[in-house]
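Quick look at what TrEMBL lists:
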type    : residues                      : note
SIGNAL  : 1-22                          : signal peptide
DOMAIN  : 38-244                        : domain 'Calcineurin-like phosphoesterase'
BINDING : Asp44, Asp77, Tyr80, His243   : Fe cation 1 binding site
BINDING : Asp77, Asn115, His206, His241 : Fe cation 2 binding site
Amino acid sequence: MGCDRWVMLVIPIIYALSNVSGELKRFEQPSKGDGSLSFLVIGDWGRRGAFNQSQVAFQMGKMGEKLDIDFVVSTGDNFYDNGLRSVHDPAFEESFTNIYTANSLQKQWYSVLGNHDYRGDAEAQLSPLLTKIDTRWLCLRSFIVNAELAEIIFVDTTPFVKSYFQDPEDHIYDWRGINPRKHYIANLLKCALRESNAKWKIVVGHHAIKSVGHHGDTKELATHLLPILKANNVDFYMNGHDHCLEHISDTESPIQFLTSGAGSKAWRGDVKQLNREGLKFFYDGQGFMSVQLTQSNAEIAFYDVDGKILHRWNAFKQFGDHSSI
């Protein structure tokens, strides 16, 4: 079965199968009755409510209700400091179920793994047993959400980063299902993107392609993933990893790089290359991001821990056109 053919599978089977050597799994996410779509994006959050995680969650709940969100996207590093120990780790409920309690957040959560998640039992987060504990939870290494108006491709970026393999320092990574690394990455790139009729094309990964935050650019993604995003006319690349909120416009394409990694602990004053060309917005405190889509408009907004809008940006499309500011 090639990458251009897709099937919808029930969740237990999806979790049981590998999505490395074959095509990525696809999930159907209905849009609203008027065809619009809205969701929140949060990353780098799971600290049992500490470092303002609970306050950010409270504001997410308020904004989720106001925007009538359809789902939530997590950009990874879901559980600190070292992922989950097992499917029975109480951190799952203590950092997720018991924190994001607002009615508006009782929607599907689509999550990818971050580098901290790979430092624990990475496969625990992929297990259907967690979905039995909290039905909102859906996490795979890489997968696709067809939201009618938008196609959202979730990409497992941690295996791209060579240093995690060559110089792991004192960390132990759970590379089950990843090695050989080059083969895993090659298959992922082959199946991650394809022709799509969706009005908006979005890719979600944990690591930034472009960032002025602590970690900066991820050179492996800039080399291997970015050319594919450009070739497929992707509108937005959304990530976490840097504990900040950030918006950078690509200078060579219409792609917008959007960082939402401020779900709990932030890194105040940790900024690189602040004069970066294309930088639209940077905030080194806690917060989250919202996305509202229609056939002709995309509105991106960033919020701080008090729910204040820090930055708002709009893109517009005409029939058959790519986005324009």
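The chain as shown is numbered from 1 upward.
Each residue, glycine too, has its Cβ placed from N, Cα and C.
Confidence annotation: the domain 'Calcineurin-like phosphoesterase' (38-244) carries a mean pLDDT of 96 in the model.
Taking the mean position of the Cβ atoms of Asp77, Asn115, His206, His241 as the Fe cation 2 site, the remaining same-chain residues with a Cβ inside 8 Å of that point are Gly43, Asp44, Thr75, Gly76, Leu113, Gly114, His116, Asp117, Thr157, Thr158, His207, Gly240, Gly261. Recorded residues Asn115 (Fe cation 2 binding site) and Asp77 (Fe cation 1 binding site) have their alpha carbons 6 Å apart, per Cα-Cα distance.
The Cβ centroid of Asp44, Asp77, Tyr80, His243 marks the Fe cation 1 site; residues of that chain outside this set whose Cβ lies within 8 Å of it are Gly43, Trp45, Gly46, Arg47, Gly114, His116, Gly240, His241, Gly261, Gly263, Ser264, Lys265, given in sequence order. Residues within less than 8 Å, Cβ to Cβ, of His206 (Fe cation 2 binding site) and separated from it by at least 6 positions along the same chain comprise Gly43, Thr75, Gly76, Asp77, Val112, Leu113, Gly114, Asn115, Thr157, Thr158, Asn239, Gly240, His241.
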